[in-house]
Amino acid sequence: MATTRPMLDAPILLTLLLTVSIIRHLLIGAADHRRAATNGNSAPPPMLLPLYHSSPNASLQRRDASGMSEKRRLQIAASRKDSARMRLYDNLLTDGYYTTRLWIGTPPQEFALIVDTGSTVTYVPCSNCKECGKHQDPKFQPDKSNTYEPVKCDLNCNCDMEGKYCIYDRRYAEMSSSSGVLGEDLISFGNESQLVPQRLVFGCENVETGDLYTQRADGIVGLGRGQLSIVDQLVEKSAISDSFSLCYGGMGTTGGAMILGKIPPPPNMAFTRSDPYRSPYYNIDLKEMHVAGKPLRISPKIFDGKYGTVLDSGTTYAYLPEDAFIAFKNAIMKERPNLKQINGPDSNFNDICFSGAGSNVSELSKTFPEVSLVFGNGQKVLLSPENYLFRHTKVRGAYCLGIFQNGNDPTTLLGGIVVRNTLVTYDRESEKIGFWKTNCSNLWKTLNISTAAAPAPEPAPTATPASPTVSALPPTVSSSTGKDVSLPPEPATSGSPQTRLPGELRIGFITFDMLFSTNNSGSKLNLSELSEAIAHELNVDNSQVRLLNFTSVENSSSVQWAIYPAEPASYFPTATATTIILRLTARQLHLPNSYRNYQVVDWKIQPRTKRNWWGQHMLAIIVGLMIIT
């Protein structure tokens, strides 16, 4: 918006700009917080805000040695088309979070990190950490990375006791904490991304407590505003434009997608202002809530208390100020008079639950009302029942409200449940956030975004003359014969570091055996659900996953699967087959909790098979006979 304003003297203008910059970064430095991981069995405590604020001097410097301003960098970044397209894993309600995969170091070491827009530091456990819990992956080993360097102490960071290296310390309101040294290394974003590995600063944990110690995930990837944020660092390097997007899977599904960098906004995406000066968190300009098309009878100012309305990917549920929550709860109950209200799954919480809705998620909109979030500019986001309900874990066909009262805190906090099956774009450059309802499991196809592998990485600076090859996948896997299969990178001319299987073998299908231990599960395997989860994790259609054999003996079950190429292809692209095999052998199938105790005990690749005339035309013959009869 262009407005006419009186001219200010240069010294006064400079002083004002500097003051605004300092205030902004003081706010940003206070932005880190974390919520306790919860599960679907109970409602979590109200919103938890940080008790500890990082030193403000760690976030003030905004120009590099060349004197290039942030605005200039944003202009350059906006012209770049590279982006990191990444998969999300786990389940919001059963795990309490979503994770993505990052690879750190040379050769790369893999980590599962919680996606958190409320944190501004990315950190993983370090190998010398004696006070770190047991997590999904091994600890980061700096001495095994040829490109790792600790960040040396200077005026822009907090220093260790010896004044030698920069350190970080994050303490959270639920009494957990993370502290350690800051290091710099190559971080890779996976073979589905265009973005090449980048040298970034991250935290190498020496101590972690509370939920950070007990959680399964390795650490956190910080997407908040701040100098140490992975987004800010990539923007400063002009590697991406100042934007990122998240898309969480729907009820009953795992995973989703994340994009670091700008994408063209889809048609009908609803945008709202996100004022970076309003609070240190990502906020939206929420003015009204409608239930079944009727506005709640509350003042619009109720959504502007304290930090305003905060959008936070690291929080599981949603929390409203008291008056807004009461109005919302009453409106939902008024629209559902025929449903029976029942006790929640956990007696420790007074959850509001209903039975008799049926177990088909796609039919919930026939039973529960539509909810709308209305922004200050008049645009709105429609919420389906899966955006404010969670499944009752003890009563089939029952659901509970996933929106709670935020204690005495006047802040409105919208967690991940509100944006399930919703593409959320954090357009930080334009200071706005967009919402678009979609199926997050098919996001790439919906947006017509190619999942081609990333371009070849730039040479990594090392002490040796020859820089090692950086790949986002492990260099070797073992076949069912016990022999190592070398996976060399593609030739540089292809523009891809993606690995490939040797030779020109055309792979017709891939078979693998999974062994499940059922000692403590108390239930049988749901093969249909398991098939869908495997398809999602291998990034293939459900029709490509076929059950070949199933046996169950005492406390173990063996399942044999086959993965076929997508129709009408009769063989896999080599890169696709390689990715599938690597995910299988590296135990990268992040299945729901009830299926996590598994082993891939054998896998085989089968060559392309030629079908005879009868095989090629069998389906047509059967259909013809059915028509005749």
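Keep in mind that glycine also has a Cβ here, set from the backbone N, Cα and C atoms.
Sequence annotations record features per position, and here TrEMBL assigns domain 'Peptidase A1' to 98-436. Positions annotated as active site by TrEMBL: Asp116, Asp312. The feature region 'Disordered' is assigned by TrEMBL to 454-500. The compositional bias 'Low complexity' annotation in TrEMBL covers 463-476.
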Determine the Cβ neighbour count for Asp116 (active site): the number of other Cβ atoms within 10 Å of its Cβ.
25
Restricting to the domain 'Peptidase A1' (98-436), report the mean pLDDT as a whole number.
93
State the Cα to Cα distance, in Å, between Asp116 (active site) and Asp312 (active site), rounded to an integer.
7
Take the Cβ of Asp312 (active site) and count every other Cβ within 10 Å, whichever protein chain it belongs to.
25
